[in-house]
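Colleague: Please see the structure below; I have some questions.
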Amino acid sequence: MRYRAVVEYDGTAFIGWQRQKGVAGRSVQESIEDAIYRLSQQCVTVFAAGRTDAGVHALGQVVHFDLNTSLQDYVIKNALNHYLRSDMVSILSLEEAAEGFHARFSAKKRHYMYKIVNRDAPPCLDRLRMWHVPKQLNVSDMQEAASHMVGEKKDFASFRAKECQSKSSVRTVDRIDCVREGNNIFVHVSAKSFLHKQVRIIVGTLVQCGHGAFPPSYVLEILERKNRAAAGITAPPHGLYLVLVEY
């Protein structure tokens, strides 16, 4: 039987979603697979909609796995949460998946949120869940810059990590919204799929634009140059959240 689950996790202590050979540390995938084994004594592979990097969090990661069991869905969910209680991972919902469902390849859209605290004083309670930017940011300039990246089939070669393995750097970004709420700024980014570190490079570029390093229109030149060196910095991972996956 194939199961589909929505997962929340704090990415601080993890090396990322995916198991990685030769890399010290624990992945979210490994934690969930170990919990399933403790429940069922079955070795399964858990697939995710988004392979988040080390330090990146999830509010609505979607996963699937195949498991032979007669247990009811709620029993599986509660048992996994019992085994995951010390790992900062929580199964929010779990159900039998439709035939052919794949957490990654069936996804129609992924929604990310990046959280910035924009004030002089660094955060204390949420320091590993937001990016502290002390220099005042102009959100209107950030939004104008973002507008140049939204639309059909733009080449984001300047906005992907050097180690990105995707064959094409062309992506359609459906939404980038920059919203200020007091000292907090939220950057919402939505697309069917993203390049490696694309969202974090977009956010880093918008932040540099927001404190006046370059005008919003410079984003057009960044896109045209198709060179990672042309874009801004890569925002740190701890401000990024995978919020929702649509199917």
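Every residue gets a Cβ built from N, Cα and C, even glycine.
Note that the structure is a prediction, hence the values are computed from the model and not measured.
For ASP53, the entry in Swiss-Prot reads active site, nucleophile, with the evidence type sequence analysis. Per Swiss-Prot, the feature substrate binding site maps to TYR112; the stated evidence is sequence analysis.
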Colleague: Between ASP53 (active site, nucleophile) and the residue listed as 'substrate binding site', how many Å separate their Cα atoms?
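Modeller: About 13 Å separate the Cα atoms of these two residues.
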Colleague: Quick one: give me the count of other CB atoms within 10 A of the CB of ASP53 (active site, nucleophile).
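Modeller: For ASP53 (active site, nucleophile), the 10 Å Cβ neighbour count is 18.
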Colleague: Relative to the Cβ of the residue listed as 'substrate binding site', which residues of the same chain, six or more apart in sequence, are found under 8 Å away?
Modeller: HIS188, VAL189, SER190, PHE194, VAL199, LEU240, TYR241, LEU242, VAL243
Colleague: Tell me, by DSSP, whether the residue listed as 'substrate binding site' is helix, strand or coil?
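Modeller: The residue listed as 'substrate binding site' sits in a strand per DSSP.
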